[in-house]
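Just below is one structure, and these are the notes that go with it.
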Amino acid sequence: MESVSPTLINLIIFVLAIYVGYHVVWTVTPALHTPLMAVTNAISAIVIVGAMLAAALTETTLGKTMGVLAVALAAVNVFGGFLVTRRMLEMFRKKERKTAPPASEARKEA
């Protein structure tokens, strides 16, 4: 029996991860979107560590360049995710009402 190519196994795992991820994200209730985004930001931070390790362990210039590019793109993803999460949280804050000046101050100005 022939052995299965590791590339094919990795491709199958990748496709299954996309499928499961799609269904998990789209079935989350709206109240849980912010915590879900926070968790995905944390996972992206772990990807940065992996990209750093991969870039450090390679000896070729192409490998180091790809590693640096991976770190840069993952960093943009993390910081952008935190900015979006912050904006989402600001939407749920109670707005401060502008209060009218007290009647005594209104008389002084007139």
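The backbone N, Cα and C atoms fix where each Cβ goes, glycine too.
Any TrEMBL annotation is an automated prediction that lacks curation.
Per TrEMBL, the features are as follows:
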DOMAIN    11-94  domain 'NAD(P) transhydrogenase alpha subunit C-terminal'
TRANSMEM  6-26  transmembrane segment
TRANSMEM  38-57  transmembrane segment
TRANSMEM  69-89  transmembrane segment
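Residues belonging to the domain 'NAD(P) transhydrogenase alpha subunit C-terminal' (11-94) score a mean pLDDT of 86 in the model. Secondary structure of the domain 'NAD(P) transhydrogenase alpha subunit C-terminal' (11-94), assigned with DSSP and counted as helix (H, G, I), strand (E, B) and coil, comes to 75 helix, 0 strand, 9 coil.
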